[in-house]
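Peer 1: Encoded as structure tokens, here's the structure I'll be asking about.
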Amino acid sequence: AALNPWDVMLCVSGTAIACENALVVAIICYSPALRTPMFVLVGSLATADLLAGLGLILNFVFQYVIRSETVSLLTVGFLVASFAASVSSLLAITVDRYLSLYNALTYYSERTVLCIHTMLAGAWGVSLCLGLLPVLGWNCLHDRTACSVVRPLTKSNVTLLSASFFLIFLIMLHLYIEICKIVCRHAHQIALQQHFLTASHYVATKKGVSTLAIILGTFGASWLPFAIYCVVGDPDYPSVYTYATLLPATYNSMINPIIYAYRNQEIQRSMWVLFCDCFQAKVSFRSRSPSDV
């Protein structure tokens, strides 16, 4: 079959995603210092995005090299599970950031570690189940009228996935609003203790709120068009509509390492050690907590 330019772009996107996130996973695995709950969550996100990137590459290869319904189902199921794990990991990171501010005194405890591991186990378990649904029979290979805009997924399947995304997005929106309230309240309390609101407090608060808006805005702008189109779209519509909404959704996995990993100073230091082995002790890095946004 002739190469579809959209498939090529998805493959290129998958390659970039895989390379970026493979670096993050390697850094976290290589550095013993990056074993805190925060970096466990970042590692989970990077692993999910890495698998999603590999899934996009495999989907391209199998689509043009090995044309098989069974392989197509496995690839689609793999992609669904990977992207579901990515979105679920983003939710877990948001919950972790909220807890680090709301329960700052008890955050560094064994209970928090248990909570993080429980969240991750649940997120990956649910994602795996969602990925197995089309493989176990919830597909439209034998009933074309049940197909959705994402073949071979059924309309009810993509509706379930879209509803799950909308729920996660609303939960993240609520938590980030609460985080903004806590950040503003902390800045106000500091100002009262010092009897005046300094320019640095105002700038820090504004920067924190702006960063939260960028994080949530990037997530929503990437996934909302595709999630909405999965609900309102019709399989008879031109496939270009599906590609045009799916491609930006993959960009979220490309942006995640920049937002959640490469901006972190401890990961930057580990990169120096891993690649250059020329880290100088005189260069100071401030340890960051999940509440640093």
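Glycine too: its Cβ is placed from the backbone N, Cα and C atoms.
Positions annotated as domain 'G-protein coupled receptors family 1 profile' by TrEMBL: 20-260. What TrEMBL lists as transmembrane segment is 6-31, 38-66, 72-93, 114-138, 158-177, 209-228, 240-262.
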Peer 1: Counting a contact as 3 or more Cβ pairs under 8 Å, with residues at least 6 apart in sequence, do the transmembrane segment (114-138) and the transmembrane segment (209-228) touch?
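Peer 2: No; fewer than 3 Cβ pairs under 8 Å.
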Peer 1: Spell out yes or no: are there three or more C-beta pairs under 8 angstroms between the transmembrane segment (38-66) and the transmembrane segment (240-262), with each pair 6 or more apart in sequence?
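Peer 2: They do touch: at least three Cβ pairs between the two stretches lie under 8 Å.
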Peer 1: If you average the pLDDT over the domain 'G-protein coupled receptors family 1 profile' (20-260), what number do you get?
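Peer 2: Averaged over the domain 'G-protein coupled receptors family 1 profile' (20-260), per-residue pLDDT gives 85.
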